[in-house]
Amino acid sequence: MRVCSYGANFYDENANRVYTENTKCVGCHFCEAICPTEAITVRKNDFDIRPLAHWTPEHLIGIMKQAETGGVLLTSMGNDRPYFSYFDRIVLNASQVTNPSIDPLREPMEIRTYIGRKEEKLEIEEDEDGTVKLKTEIAPQLKLEVPVMFTAMSYGSISLNAILSLARAARTVGTFFNTGEGGLPKELREFKDNMIVQVASGRFGVSADYLNAGSAVEIKIGQGAKPGIGGHLPGEKVTEPISETRMIPVGTDALSPAPHHDIYSIEDLRQLIYAIKEATRYEKPVGVKIAAVHNVAPIAAGAVRAGADYIVIDGIRGGTGAAPKITRDHVGIPIEFAVAVVDQRLREEGIRHMASIVVAGGIRNSADVIKAIALGADAVYIGTAALISLGCHLCQTCYLGKCNWGIATQDPKLTKRLNPEIGARRAANLLRAWAHEIKEILGGMGINAIESLRGNREVLRGVGLHEYELKLLGIKPAGEAW
Amino acid sequence: MLYTRFYIHALLLQEVNALSYDLPRLIPDKDFKVPSACGVSGIMNTSGKRFSGNMIVESMALMRERGNGLGAGYAAYGIYPELKDLYCFHMLYDSDLDKKNAEEYIKDHYEIIESEPIPTRKNPHIKEVHILWRYFLKPKFIPEDMSEEDFVVSTVMFINEKINGAFVMSSGKNMGVFKGVGFPEDIADFYRIDEYKGYIWTAHNRFPTNTVGWWGGAHPFGILDWTVVHNGEISSYGINRRFLEAYGYKCTLMTDTEVVAYLVDLFMRRFGYSPQLTAKILAAPLWKDIDLMPEEERKLYTALRMNYGGALLNGPFAIIVANNNMMMGLNDRIKLRPLVAATKDDFLYIASEESAIRVVCPEPDEVWAPKAGDPVVGVLKSARKTQVVLEGENG
């Protein structure tokens, strides 16, 4: 019973037995998973509060908590409200007769992806003797062997062992992880070739050295879980090593302001992008991450014109280490719409080639990846799925810093539970498995390179969607031929 | 409508050849993307000597099995030597009114030097459903920021997209496209192909998997002096179309062949890339091969794939692309459709089947099956910059 950091199990000396305090259990299933005799089962506890349709227990408990504390309700991980999932209303195509499907185990199947600025036209010199020479200087790119990256999760919000797991997995598979707004612990320096460093509004740990420590720099404007507000690392998680990397005192809340205080408009964003490009000698792509909000398409177009080499769009399902529940649950738009309208808008403006699109926010499996790419993404970011591969059971209490799985905590007793060797293997396995599945689906479509899937909305069909939704997604209804 | 479709379908099942006689209007494939399988053939005299269309007709007739009578066509180069400096528009009209509308538009922008019906001959298997007309044109006023060719392209785009019932089959100089619904030999007879002489001929025999009644849906597909005949299905159509939109091309026909024509126009005419380089964009080498190339080459091919990924043609295809100076045969990246090439003296032959070559050239100097993604390129001697005659056999 020492196992539970939330104290849900306790030992009564007098009675000489173990009791469970149900209300303390967050449902992380850790005790259940490690119990050698399989004596523990974590089950849903039927609630006393009447489950009314409008006044659900969730609302009642929220009101009770707020009546007691007068505070904002905190939560963690992605939006769990039963909003409509458009991914689940989109189906994929496959070849029959007129176009042979391709077996990815026998034929080449290419899913390599480059993230960064592309050219509208390549200048190429072709000599009379047949030698061909590229004259255009190509902008710096990130090379992904699998079009899936690990999204920004800071050192602080998750443990070093969790980050190391993802970093090693990224290196093994040939993709990238993102430092988040947590600065750079020295243990990550060796992962330069697979690392994206983030610059957010708190500027924690940002220095010229930091900007050059990875392969790309990402400016975080917003996050899908909490569009419009800043970051919050509770003081409980700011331990000695965290305080060192973030350059703030131990035990203080690390608060990132809602806006960047040097970005009050798009021209300021341009200045920051170019300041970073200068600082990194134009050798690294600079990306901009925004939350998917109503106006996402023009905002993304503005960021591209401001010089962003890639745009990250984080949808309403995006995860977080800590966010006000009211924001997480109610602000933002589904990522499916966001990617569709951003891709279309950039194409209409003739600037789609100027930046790659990376999509984040609730990507659950390889089908979501394929659908996102067919809607127009170049690659996707996963956060929640990556943490689940490390053991997370989505108990949504990361903000307490007591994660039994050693992921979202800085308590050394808990973090040592996560072995980065094993974690790396599991996270890498996940990406490999998805890569296999993506290839399988591509082969079924008779396509052998992912660039022929990217933005190819003809491979998608909507089921049970309204006409205006189909129009926004740029797809046809199921049953309609090409 | 539903009833009509069903009726047509039932009829087709009974007797394909009956199609041309007494059917109500079929479903125009203008509005649908129709996957189709086909036979293609191309013959070129690299010295520019003109020869009669009989040869290509014979080659196509042999591949009758590859079509089902629902579409065939020919592209011919060098057929109008007396008017070779004028743009020749081959038009399909649904009605006199459509013709009037289109002519009004054309008159506004071009001087019409000649205007005449395309000569045809009665054929029992071909039911003429369109008005077929040709114009020899000289552009009147070209906006300063446009090249003459871009201007012609924009005219074609406008007519095809905006003027209902009017369709431009071809729009190049000293060349023309003749196509319709029927078997290749019937279409040839109908259009009096035997009376024309050209130095490049390409042809197509269609096996669409849908009923089609609109002649514009047949191949070759043409824009300016570019023509494309195509056997296959472009699975990347959805993104190819969107890639082209960024460069001002509007795909109005829902045929995947259309995107091939626009892609070669973009890369070869507008960007000035060679046919060989263009082939390496449309059927890009595999990453595993690119990774093994020497550095300079690796950089080039990586850049091509990175930047022009949206132009990659995916899915099975064998295409023959031609313009006034050259003819190119190209297969998809893993050769999922047949394509054979041969040479005899200054003749280059490319076809779906070796037999279609041997029927007109029994003893070629060389015959080979081009490798996946490797183009076969024949360039007119007068247009050649180098001594390279034919490429393809050895990569």
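Keep in mind that glycine also has a Cβ here, set from the backbone N, Cα and C atoms.
Here is what TrEMBL says about this protein:
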{"type": "BINDING", "residues": "A:C4, A:C25, A:C28, A:C31", "note": "[4Fe-4S] cluster 2 binding site"}
{"type": "DOMAIN", "residues": "A:16-45", "note": "domain '4Fe-4S ferredoxin-type'"}
{"type": "BINDING", "residues": "A:C35", "note": "[4Fe-4S] cluster 1 binding site"}
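This view paints the features noted in TrEMBL onto the structure.
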{"residue": "A:C4", "record": "[4Fe-4S] cluster 2 binding site", "DSSP (3 states)": "coil"}
{"residue": "A:C25", "record": "[4Fe-4S] cluster 2 binding site", "DSSP (3 states)": "coil"}
{"residue": "A:C31", "record": "[4Fe-4S] cluster 2 binding site", "DSSP (3 states)": "helix"}
Cβ neighbour count within 10 Å of A:C35 ([4Fe-4S] cluster 1 binding site): 12
A:C28 ([4Fe-4S] cluster 2 binding site) CB neighbourhood, other CB atoms within 10 A: 25
Cα distance (Å, whole number) from A:C35 ([4Fe-4S] cluster 1 binding site) to A:C25 ([4Fe-4S] cluster 2 binding site): 16
[4Fe-4S] cluster 2 site, defined by A:C4, A:C25, A:C28, A:C31: further same-chain residues with Cβ within 8 Å of the Cβ centre: A:V3, A:S5, A:Y6, A:A8, A:N9, A:V26, A:G27, A:H29, A:F30, A:E32, A:V42, A:N404
Distance, A:C4 ([4Fe-4S] cluster 2 binding site) to A:C35 ([4Fe-4S] cluster 1 binding site) (CA atoms, angstrom): 12
Per-residue pLDDT averaged over the domain '4Fe-4S ferredoxin-type' (A:16-45), given as an integer: 89
